[in-house]
Structure formats: C-alpha cells, structure tokens
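Notes follow the structure.
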Amino acid sequence: MAPSSKADKKAAGDVAAWMFNVVTSVGIIIVNKALMANYGFFFATTLTGMHFVTTTLMTIVLRWLGYIQASHLPLLDLLKFVLCANFSIVGMNISLMWNSVGFYQIAKLSMIPVSCLLEVSFDKIRYSRDTKLSIVVVLLGVAVCTVTDVSVNTKGFIAAFVAVWSTALQQYYVHYLQRKYSLSSFNLLGHTAPVQAGSLLLLGPLVDYWLTNKRIDHFDFTFPSLVFIILSCTIAIGTNLSQFICIGRFTAVSFQVIGHMKTILVLILGFLFFGKEGLNIQVVVGMLIAVCGMIWYGNASSKPGGKERRSHSIKHGSDSSQADDKV
C-alpha cells in the first residue's frame, strides 16, 4: 500500500510541475506578445534581465523565510551555466530576427535531438525504439503545425546553431548541477538568477539596440505598458522556477518533448484571441499528431527499458554490471 501511495504522490507532483510550467510559460508568451504588439516594447533581452531581477528578489524572500538553505555551487560551474543561459537568450532573439519563421521553428525542434545526444554522451542514457519513434512523431507533428516558409542564410544558420546548442547545454546543466551538488530548484535559482540578472541588464540594452536600432531609454513608459512589464516579470518568476523544477524532476529531453504542448496551446490561444486566419486542416492535423506523440512518449519512456541510465561498478575485484537505472 505504501509504495502505491508513494507512486501516486510522485505522479501528482509531476503533473502539478508540468501544469505550473505550461500555465506560466504560455501566460508569459501571451503577455509579452501584447506588450510588443500594443506598446512597441521590443527590448526582449533587457526584459529577460528584468525577469531575473524579480526572480532574484523571490529567492531572497524565500531564503529569509527559510525555504532556501545554504548551499555551494563552484564559481566555474556557475559561470559555465550563466554563459550557456545568456547565449541561449541572445541567440534565440538573433535567430528569430535573422531567419525565416520556418527555419527558426526547425532550429527549435532540433533541440530535442541535441539534448538526446548530450544525455547519451554524458549520462550514458539508453532509449528504447518506441521512445525514439515517439520523439520523431512529436517533432513531425509540431513541424506540420509551425513550419511554413523555410529559407536559410549563413549568419542566420550560425545564430540558430549557437542558440540550439547553448539552450540544450543550459537545460542539461540544470539537471546535472541539481544532481551533482544535491541542489533543490530554489537553491540553484538562488545561485544563478542574480548573476543572470546583472549580466543581462548590463548587456541587454546594447544587444537590443543592435537588434532593433531602438534605445530603451527613449521608450515612452506609459502606465499601461508598465503594468504589462510588471505582469510579465511576475509571471517570469513562475516560469523560471517551474523550468528548474521540471528539469530537476525529469530530464532536459522530457522537458523538451512534453514542452511542445506549450507550442500547441500558444497556437490555440493565438487563434482564439488574435484571429483564426492561420487555422487550417494542416495545423489541426499537426496538433493531433504532436499530442499523440507526446502521449506515446510518456507511455514508452515510463516502461522498463524505455529510458535508462546504464552504469557499471566493480565488486570484490571483478567486473560486474549494475542493473540499469531508470530515469
């Protein structure tokens, strides 16, 4: 009875973590779209810096309340993580500007194979055939939904390459650092958020000026635009925290696969709130394929042998293989 209760509790926690991430991620996308479309606030990198300022304030309050205990993260690991995270943010913004929407979406989809490669190379993860096929089905469905015009240029390809690899490395690092140093999601955010906030607030205005030819100090901060900025920063606390929680509970690959549900929800909400001109049979079919792939992935990866870490140990002077650890 106890094992079943424990499994049910974990399953409920997993669902709650995913829902937390989906709701906050979709919410911040809708708010940021409104902020840019209605008020012309195109300073995405600086806005991300503001997001990490509010996240830092949240970690300070949680530490004061006793929810974050003292922990250690070596400076080199912290700097590597922040470097990957900041390259991810800037790279995605540049990739979106320099590439067609179709190629930008293809680049985002390629993060799953890259994340798989990192897990296979560094964590010795082994995927079953069904797990691999389910990932392909998810990629196919999202591609049918989102990829339209595809044009490639050299600088756009380089930006996409940097964005994909830095994002995959950042998400891998979240899981790796939590596991290696026994850090909770709150602890890891407490280490990384202040450094990201400071670096992005310093570099953000310069990057945004380079990308948009607009200066943030010339922006007309009206009361409605400030309300949306504050709302975006508030939701970002949940987005940042839920990402760390989800990757900590699962892996970067699972986060990417199930995370494409957010893409589907953003498309649906976009049709509901911003018009249905993009809604057609191709998009609907793509959504159905992607959702089926996600369900298949969840089922396949949870089965014995679906997704395992292979480990070896030496006992009594002789080689022996440990049982594969399920992840």
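Every residue gets a Cβ built from N, Cα and C, even glycine.
Keep in mind that what you see is a predicted model, and the values were worked out from it rather than measured.
The transmembrane segment annotation in TrEMBL covers 12-35 (among others).
Here TrEMBL flags 23-297 as domain 'Sugar phosphate transporter'.
Taking Cβ pairs closer than 8 Å, the transmembrane segment (41-66) reaches residues 32, 35, 89-90, 93, 186, 189-190, 193-194, 196-197, 199-201, 203-205, 207-208, 211-212, 214, 216, 219, 225, 228-229, 232-234, 236-237, 239-241 in its own chain, all 6 or more past its ends. The transmembrane segment annotation in TrEMBL covers 41-66 (among others).
Per TrEMBL, the feature transmembrane segment maps to 78-96 (among others).
Summarising the annotation, TrEMBL assigns transmembrane segment to 133-150 (among others).
For the transmembrane segment (156-174), the list of distant contacts is 77, 80-81, 84-85, 87-88, 91-92, 94-95, 98-99, 103-104, 107-108, 110-111, 114-115, 118-119, 122, 188, 243-244, 247-248, 252, 255-256: same-chain residues at least six beyond its ends, Cβ to Cβ under 8 Å. If you look up TrEMBL, you'll see 156-174 (among others) marked as transmembrane segment.
Residues 42-50, 52-53, 55-56, 59, 62-63, 67-69, 71, 73, 78-79, 81-82, 85-86, 89-90, 93-94, 97, 174, 177-178, 217, 240-241, 244, 248 of the same chain lie 6 or more positions beyond the ends of the transmembrane segment (186-211) yet place their CB under 8 Å from a CB of it. For 186-211 (among others), the entry in TrEMBL reads transmembrane segment.
Per TrEMBL, the feature transmembrane segment maps to 223-241 (among others). Distant neighbours of the transmembrane segment (223-241): 20-21, 23-25, 27-28, 31-32, 34-35, 38-39, 41, 47, 50-55, 58, 185-186, 189, 193; these residues of the same chain sit at least 6 beyond its ends, with a Cβ under 8 Å from one of its Cβ atoms.
Taken from TrEMBL, the feature transmembrane segment covers 253-275 (among others).
Non-local neighbours of the transmembrane segment (281-300) in the same chain are 128, 130-131, 133-146, 254, 257-258, 260-261, 263-264, 267-268, 306; each lies 6+ residues outside the stretch with a CB under 8 Å from one of its CB atoms. If you look up TrEMBL, you'll see 281-300 (among others) marked as transmembrane segment.
Taken from TrEMBL, the feature region 'Disordered' covers 302-327.
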Residue numbers, six or more beyond the limits of the transmembrane segment (12-35), whose CB comes under 8 Å of its CB atoms: 41, 44, 47, 225, 228-229, 231-232, 235-236, 238-239, 242-243, 245-246, 249-250, 258-259, 261-262, 265-266, 269, 273
Contacting positions for the transmembrane segment (78-96) when only residues 6+ beyond its ends and CB under 8 Å are counted: 44-45, 48, 104, 107, 156, 159-160, 162-164, 166-167, 169-170, 173-174, 177, 191-192, 195-196, 199-200, 203, 207, 211
